[in-house]
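In TrEMBL this protein carries:
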COMPBIAS  1-10  compositional bias 'Polar residues'
COMPBIAS  22-31  compositional bias 'Polar residues'
COMPBIAS  32-47  compositional bias 'Basic and acidic residues'
COMPBIAS  246-264  compositional bias 'Acidic residues'
REGION    1-49  region 'Disordered'
REGION    237-272  region 'Disordered'
REPEAT    152-194  repeat 'WD'
REPEAT    195-226  repeat 'WD'
REPEAT    278-319  repeat 'WD'
REPEAT    320-361  repeat 'WD'
REPEAT    364-404  repeat 'WD'
Amino acid sequence: MPTESGSFATARQAKQKRKSHSLSIRRTNSSEQERTGLQREMLEGQDTKLPSSVRNTLLELFGQIEREFENLYIENLELRREIDTLNERLAVEGQTIDGAELSKGQLKTKASHSTSQLSQKLKTTYKASTSKIVSSFKTTTSRAICQLVKEYVGHRDGIWDVSVTKTQPVVLGTASADHTALLWSIETGKCLVKYVGHVGSVNSIKFHPTEQVALTASGDQTAHIWRYMVQLPMPQPTADCNQMSGEDEVEFSDKDEPDGDGDGSSDCPTIRAPLTSLKSHQGVVIAADWLVGGKQAVTASWDRTANLYDVETSELVHSLTGHDQELTHCCTHPTQRLVVTSSRDTTFRLWDFRDPSIHSVNVFQGHTDTVTSAVFTVGDNVVSGSDDRTVKVWDLKNMRSPIATIRTDSAVNRINVCVGQRIIVLPHDNRQVRLFDMSGVRLARLPRSNRQGHRRMVCCSAWSEDHPICNLFTCGFDRQAIGWNINIPALLQEK
């Protein structure tokens, strides 16, 4: 009787081992499914205070988790079996090639290379599967906490800035590259007033703390102060945006963007001339803001200076010099005579006007690229954002190093802080908007899909903490502003 060769016997033993192992896996999977079914029936039979919709969602999510990890477990076993088979094959080949044995080092190198490839495949599969589970939880959470309420469409070009009035009636203001600033009814999305006094891009808009007066900065090298009168229309029922699809991200073409006039800004009242024009800059005025009390205003320009003006007389009070490159933003403290300016020179500066006879300046260095904005919070903190994809929280009493650093995956544009709850809003170049707390903990990401959210770079954000319908607004280069309802108590509870 012919005898089996060594390699044939080894191959047959490996085949039998795989067969028995496969049967073992099937038996294990069957028993696991039965046990899981029993556990689910027990859960469904228990009394619970959860609403049925929430309970069903939880059961679906847990079922998805179970299926994903079951698939991972099976694939892991199969990959391990392939590794064993490969090692056996290499060992057999090492004994039969020209009747000489390969050195242990050569065998180890071949086996290690194959094992590393399979290990990398396992890691990739695991990450892809678990990311689906995590994204399912994030989608459910973000939808419940962050809801899109209204879209404000009417500009013909990108929107650089958004702001909310501090006086009644509460309206939304937007500044656009189409040379106009628009005021909107928050409830209805109707355009209330159009300001057309600038001959260049309108780069920022801020409202007077006590009067119906707006301050706009423009690429025409001026800042304008203009008065408005608005009468709010009756609110109309809004469609439920919660039924929109999930966070599946898609690319958009130009035809997907809102039409130029959208809701018809052309038929709203138009203001053509300012009360006062501030004209001391020699370059684009990129931002402007009111000092506390509203009697003075500060502007920031690409001519590397910031100017402080007397609002009543339009006279230049101080010219703030020191930045080495163009300024990108300026912001004033809500209760003190403090100004912070940011620049492309990777720094931001704190200017102190509390003593009328002298003003001091502190330079903050910590970013490696353009500082796109720096804003005050209540107390002694400043938050700065940069094109270096970081956001830093600073203590004004210790300017040497930040007390918290947030690292992101995209350049950060004009940030904003919810003063009461100390929540930072980060608008990004990559169309995302994220919420963080002051310690750098991520709280949420605003939903964005093929049917809601911004379609181009998000430029700015603004809080309106007391408004019952929308308490956060964002604007972008897709020519629209969006009003969101953020469930802040739920957001902080999730934290």
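Including glycine, each Cβ sits where the backbone N, Cα and C put it.
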> What are the DSSP helix, strand and coil residue counts for the repeat 'WD' (278-319)?
Replying inline: 0 helix, 22 strand, 20 coil
>> Limited to the repeat 'WD' (364-404), I'd like the whole-number average of pLDDT.
In response: 93
> For the repeat 'WD' (364-404), what does DSSP give as the number of helix, strand and coil residues?
Replying inline: 0 helix, 22 strand, 19 coil
> Which numbers of helix, strand and coil residues does DSSP report for the repeat 'WD' (195-226)?
Replying inline: 0 helix, 17 strand, 15 coil
> According to DSSP, how is the repeat 'WD' (152-194) divided among helix, strand and coil residues?
Replying inline: 0 helix, 21 strand, 22 coil
